[in-house]
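Here's the structure, in structure tokens; my notes come after.
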Amino acid sequence: MAESFVRLEHVFYKYEDTEKYAVKDVSISAQKGEWVALVGHNGSGKSTIAKLLNGLLFPEDGLIKIGHFVLSEKNIWEIRRQVGMVFQNPDNQFVGATVQDDVAFGLENHGVPHDTMVERVESALNEVGMQSYALHEPARLSGGQKQRVAIAGVLALQPDVIILDEATSMLDPRGRAEVMETIRIMREQEDITVISITHDLDEVLFADRVIVMNKGEIHSEGTPKEIFQQADAMREIGLGVPFIIELQEKLVAGGFETGSTVLSEGALLDQLWKLNSNN
């Protein structure tokens with residue numbers, strides 16, 4: 001098995017104003033190109049992990065490694081060159097007068113030559129489907145469009161890892177779907193590792209692997225299907241399950257045979273059709 005590209009080993013962290021650990025003995029790994037979702041309530045430690053991964057915070061104990069670099073004061077800029085972050089509120093991320101200016105901002109800070117910058121901005125906007133908005137003012141975009149531009153700004157820097165820190169929590173369902181589809185396509189094309197920090201259980205279904213956080217510790221880990229087959233355990237910590245899982249539970253409770261657990265409405269319809277056709 002290939003060595004993990006992102007690795008946390010026995011990481012501890014607590015904020016200065018509290019004695020309680022925000023992250024307690026957490027070990028997480030992610031392969032190159034893998035999508036890992038961290039899910040949990042507010043205060044579960046998931047957003048603290050996002051800040052630790054980008055070097056915004058340093059662990060009190062334990063090791064964090066991105067690629068070939070261990071997080072330290074010496075390697076902080078090497079880490080940040082490899083890790084891009086998309087935050088919760090897109091309005092807090094814009095600094096340019098136009099969409100293309102905003103995407104170019106990070107490249108300017110990195111001293112990227114102008115010709116290369118133009119190519120990267122165009123490529124990144126094309127990748128997120130926003131090239132036709134290049135000269136628009138960011139303030140005039142919808143929430144979903146703003147987050148796609150924020151993702152383009154990160155993509156232009158060509159990171160190995162993108163962290164989505166509650167990146168869809170302020171969006172309506174349409175905007176959320178736009179952003180998730182953008183991330184899905186981006187990961188397939190660029191082989192980027194995605195770490196999504198979320199409390200949106202439907203968003204978790206896009207991930208290859210899910211890590212459930214509770215009170216600063218890892219509660220459970222597995223594929224989305226494995227995690228949501230443990231519906232009662234999720235409810236015990238107050239998280240619940242996605243709508244598609246609830247629907248299957250209600251069908252079973254009503255006496256319908258649904259077969260194995262599936263994670264999309266289309267797959268459920270196909271399964272119900274096949275079962276009904278055989279009766």
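Glycine is treated like the rest: Cβ placed from N, Cα and C.
These come from Swiss-Prot:
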| type | residues | note |
| --- | --- | --- |
| DOMAIN | 6-240 | domain 'ABC transporter' |
| BINDING | Gly40, His41, Asn42, Gly43, Ser44, Gly45, Lys46, Ser47 | ATP binding site |
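All features noted in Swiss-Prot, drawn onto the structure.
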residue: Gly40; record: ATP binding site; CB count, 10 Å: 25
residue: His41; record: ATP binding site; CB count, 10 Å: 14
residue: Asn42; record: ATP binding site; CB count, 10 Å: 8
residue: Gly43; record: ATP binding site; CB count, 10 Å: 14
residue: Ser44; record: ATP binding site; CB count, 10 Å: 25
residue: Gly45; record: ATP binding site; CB count, 10 Å: 24
residue: Lys46; record: ATP binding site; CB count, 10 Å: 28
residue: Ser47; record: ATP binding site; CB count, 10 Å: 18
(message) As a test of reading the model: what is the averaged pLDDT for the domain 'ABC transporter' (6-240)?
(response) 92
(message) Can you name every residue in this chain, apart from Gly40, His41, Asn42, Gly43, Ser44, Gly45, Lys46, Ser47, with its Cβ inside 8 Å of the center of the Cβ atoms of the recorded ATP site?
(response) Thr48, His199, Met213
